Amino acid sequence: MTLDALLQSLPPYAKDVRLNFSSLGREETLTAQQRDGLLVACGLASRNPDLARALEAEAAPRLSPAALAAAKAAATVMAMNNVYYRFTHLASNPAYATRPAKLRMSSIGNPGVARADFELWSLAVSAINGCGRCIDAHEQVLREAGVGEEAIQAAVRVAAVVASLAVALESVRAAA
């Protein structure tokens, strides 16, 4: 199903979701690659296959193969890291935070795109997955790279809208 068809399938109570999504395309603080990569990464992080396919179909033609792969890598490696580091952050035993993770994360070190773009995508996925430790780590890297608060907030806004779109689509499916 196309993105337009998914958006048209939203019920009246999801009007804000549809309007918020339409405003994402007018976001001026993000580059086109950042915005399109966010759509792909957040679509995957939403765990809604229909939405993930539609967002990738919408964004992929505007992304290089390397950027598309990096956006997917951000979603997949953050799925792992967000679980692991959220555990180390939330566990009552502080010893877990001092132990080595022993998890491969080579895509973080060599994402194939500008580091700031990959970090924005990772931050947004971390926001969807609710890992405060990862959010703080990615936000710090972005700020050190000179990325402004407006762009960081815009990336999280994309994540929030994609997450709400996934829930709205699930509500349609549940009612069917």
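Using N, Cα and C of the backbone, Cβ positions are placed for all residues, glycine too.
Features reported for this protein in Swiss-Prot:
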| type | residues | note |
| --- | --- | --- |
| ACT_SITE | CYS131 | active site, proton donor |
| ACT_SITE | CYS134 | active site, cysteine sulfenic acid (-SOH) intermediate |
| DISULFID | CYS131-CYS134 | disulfide bond |
Spatial neighbours of CYS131 (active site, proton donor) that are distant in sequence (at least 6 apart) but have CB under 8 A: MET78, ASN81, ASN82, VAL83, TYR85, ARG86, HIS89
Long-range Cβ environment of CYS134 (active site, cysteine sulfenic acid (-SOH) intermediate), under 8 Å and at least 6 residues apart: MET78, ASN81, ASN82, TYR85, ARG86, SER122, LEU123, SER126
Secondary-structure category, per DSSP, in which CYS131 (active site, proton donor) falls: coil
